[in-house]
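Below is one structure, written out as structure tokens; the observations come after it.
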């Protein structure tokens with residue numbers, strides 16, 4: 001999926017609004033995913049997936065940091081996410097549908113917190129961005 005110049009501007013602007021809340025929002029998105037799609041917990045058998053868990057917070061920060069890195073490398077998402085793609089495809093063997101589920105939960109989380117700051121155009125751009133990230137993360141499954 002090709003990100004337009006407007007999409008890239010919307011993504012960067014939204015990431016600036018997220019600011020220092022990335023880890024918090026990442027953890028909340030994971031909690032939302034675990035609650036809404038319980039089968040996703042099977043990839044975290046060693047985690048305490050309860051609300052406020054230190055492990056979920058830590059992984060939420062990793063998710064947020066990876067997405068922030070991707071948002072800063074919009075012209076080279078495959079390069080920015082190559083190591084994560086390898087990890088998820090070859091070591092963790094995560095079902096690719098889970099990236100879409102987490103992306104949806106992240107959009108809901110951002111809409112909850114940013115409210116009017118997440119315009120329809122920004123929402124559409126983030127949706128395209130998360131779909132692109134999902135595509136890159138699953139590219140090494142083939």
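Using N, Cα and C of the backbone, Cβ positions are placed for all residues, glycine too.
Here is what Swiss-Prot says about this protein:
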{"type": "DOMAIN", "residues": "2-142", "note": "domain 'Globin'"}
{"type": "MOD_RES", "residues": "4", "note": "phosphoserine"}
{"type": "MOD_RES", "residues": "12", "note": "N6-succinyllysine"}
{"type": "MOD_RES", "residues": "17", "note": "N6-succinyllysine"}
{"type": "MOD_RES", "residues": "17", "note": "N6-acetyllysine"}
{"type": "MOD_RES", "residues": "25", "note": "phosphotyrosine"}
{"type": "MOD_RES", "residues": "36", "note": "phosphoserine"}
{"type": "MOD_RES", "residues": "41", "note": "N6-succinyllysine"}
{"type": "MOD_RES", "residues": "50", "note": "phosphoserine"}
{"type": "BINDING", "residues": "59", "note": "O2 binding site"}
{"type": "BINDING", "residues": "88", "note": "heme b binding site"}
{"type": "MOD_RES", "residues": "109", "note": "phosphothreonine"}
{"type": "MOD_RES", "residues": "125", "note": "phosphoserine"}
{"type": "MOD_RES", "residues": "132", "note": "phosphoserine"}
{"type": "MOD_RES", "residues": "135", "note": "phosphothreonine"}
**Message:** DSSP-wise, what's the residue breakdown of the domain 'Globin' (2-142) into helix, strand and coil?
**Reply:** 118 helix, 0 strand, 23 coil
**Fill in**
residue 125 (phosphoserine), Cβ-centred 10 Å count of other Cβ atoms over all protein chains shown, is 22
**Item:** 4, 36, 109 as modified residues, winner by CB count within 10 A
**Value:** 109
**Asked** Going by C-alpha positions, which of the recorded positions (4, 17, 25, 88, 125) is nearest residue 41 (N6-succinyllysine)?
**Response** 88
**Fill in**
Smallest Cα-Cα separation from residue 50 (phosphoserine) among the recorded positions 17, 88, 125, 135 is shown by 88
**Request:** Check the Cα-Cα distances from the residue listed as 'O2 binding site' to the recorded positions 25, 36, 88, 135 and tell me which is shortest.
**Result:** 25
**Request:** Tally every other Cβ atom lying within 10 Å of the Cβ atom of the residue listed as 'heme b binding site'.
**Result:** 21
**Message:** Nearest by CA distance to residue 132 (phosphoserine): which of the recorded positions is it, out of 17, 88, 109?
**Reply:** 88
**Message:** Given the modified residues 4, 17, 25, 109, tell me which ones have a C-alpha lying within 10 Å of the C-alpha of residue 125 (phosphoserine).
**Reply:** 4
**Item:** Pairwise Cα distance for residue 17 (N6-succinyllysine)/residue 25 (phosphotyrosine) [Å, integer]
**Value:** 12
**Message:** Let me check the 10 A CB neighbour count of residue 132 (phosphoserine). How many other CB atoms are there?
**Reply:** 20
**Message:** I'd like to confirm something. Which of the modified residues, 4, 36, 109, has a Cα closest to the Cα of residue 135 (phosphothreonine)?
**Reply:** 4
